[in-house]
Amino acid sequence: MQLQKAMSYNPRGDFLVETAQMVSGLLLVLFLWAHMLFVASIWLGQGSFNALAGFMDRYGLLPLTIVFLVLVFGTHVGAVLRRMPRQYAEQRVVWKHAKLIHHGDTWSWVFQSITGSAIIVLAVVHIAIVSFAGINVHLSSLRVANPGFLVFYIVLLLLSEYHASVGLYRILVKWGFVNRYSMKRVLNVVSVLFIVVGGVSLWILYSLGA
Amino acid sequence: MAGRELTFRIMRYNPETPEVKPHLQDFKLFEEPGMTLFVVLNKIREEQDSSLRFDFVCRASICGSCGMLVNGRPTLACRTLTKDLPDVTTLLPLPVFKLLGDLSVDTGTWFREMSIRTESWVHDDSEFDPTKQEERMDNEEALKIYEAERCIECGCCIGGCATANIRPGFIGAAGINRVARFMVDPRDKRTEQEYFEVVGSEDGVFGCIGLMACDDNCPVGVPLRGQIAYVRRKMASAGWKMKVGR
Ligand code: SF4
Ligand code: SF4
Ligand code: FES
């Protein structure tokens, strides 16, 4: 071992980062699902959506959520970055490798880093807008009625559901809790469900705004 | 019966003549009943190009020397039947390992290094008493050890692993399986903490990103997914306790 390595040696370092990645990932998945359900309150009518938003506002849940997101999102990005082959040379190796070995799961890793990077940008924009503008039906529907924003939200919805589903699958596979193939199927169904839920919410908001 | 005409696109490269860039060369021959890639490659070497390099020893999925990428999939050439192949097949050497030439790679050095790093021997400091009866092992445990020992060190799980391709120190599924083998062995007296030093890092089990190319490709069907998960859980518990201990 080199001197510097010996001096900065922390045997648990990798374990902790791995745990941080997993826990933050799980929290984000849960958040995403809760988020989709909250937005789906629009299904019940404008009143319930506004009531929920008002409730969150009154009890300071909104800033709390944002703090939570900044922390968890930051942790996740930080922990995951080590995994993403960063250097150009490594990127090329992974890309070549995925093309070479024709293996579905290996491709999903490539997509995972692409969707992840895209989500960083999109989610930050989304969070910034929401935290500055606030949440109510009027604002949201006007925004969604704008074709640019509509596309933005659809892309964000699809990317985050995909990323969450693959990430969750990967965690379960790595720890070996459930059968791989049946689990993949379950997760696919769950993600499609949430995409539908989110899509319908978007559609309702869109028709309100238009 | 005249078989199909098969085309084999084989990678040619000789590290001694690096000026000749790696390239694919086509060889054609007619399929015969029960033909394996072992037969194909030997035929090509005998009849078409005597300089073609590849490895075989047992030609029966025992020695693990014939691992290569068959249409991209890491597998044993000797157990690949041509009847399962399309008309055109690409053969490439296994990635990660040192390329000796054409389809031949040096898996031995890699596996020896892995054995040393994972300290693949039974650790026991107790005094040996030759007069004592041998300790008995639970049949269940013996079977688990046997399952892990079925690994023939072919390197398919290493060549197919994205992590191993970008992280030279990564011990891969074969390495993790090796550690699992000693973990279940009651004769090995290593503690969880000692194992943690060996595999509780990014070069060990926490480097695995769970793509399961290893599990999908192991030609002898070592249950790699289960082995990796087993070691991961053990190491997570060791890592967790370490915090409490300090
Ligand atoms: S599951 Fe882990 S060891 Fe197996 S191929 Fe994937 S990264 Fe490599
Ligand atoms: S675990 Fe399977 S694929 Fe890996 S070296 Fe052993 S036999 Fe080959
Ligand atoms: S030649 Fe021994 S495994 Fe193929």
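Cβ atoms here come from the backbone N, Cα and C positions, even for glycine.
Curation does not apply to TrEMBL; its annotations are automatic.
The model shown is predicted, which means the values in this text are computed figures rather than measured ones.
Here is what TrEMBL says about this protein:
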BINDING   A:H35, A:H76, A:H126, A:H163  heme b binding site
TRANSMEM  A:21-44  transmembrane segment
TRANSMEM  A:59-81  transmembrane segment
TRANSMEM  A:109-130  transmembrane segment
TRANSMEM  A:150-173  transmembrane segment
TRANSMEM  A:185-206  transmembrane segment
Take the transmembrane segment (A:185-206) and find every residue of the same chain, 6 or more past its ends, with a Cβ under 8 Å from one of its Cβ atoms.
-> 32-33, 36-37, 39-40, 42-43, 137, 140-141, 144-145, 150, 153-154, 157-158, 161-162, 164-165, 168-169
Seg_contact(the transmembrane segment (A:21-44), the transmembrane segment (A:109-130)) with at least 3 CB pairs under 8 angstroms, min sep 6 = no
For the recorded heme b site formed by A:H35, A:H76, A:H126, A:H163, name the remaining residues of the chain with Cβ within 8 Å of the site's Cβ center, in chain order.
-> A:L28, A:F31, A:L32, A:F73, A:I119, A:A123, A:L156, A:S160, A:A164
Candidates A:H126, A:H163: member of the binding-site residues with the richest Cβ shell (10 Å) | A:H163
Check the binding-site residues A:H35, A:H76 for other C-beta atoms within 10 angstroms of each C-beta and report the one with the most.
-> A:H76
Consider each pair of residues in A:H35, A:H76, A:H126, A:H163, all listed by the record as binding heme b, and report the largest Cα separation in Å as a whole number.
-> 18
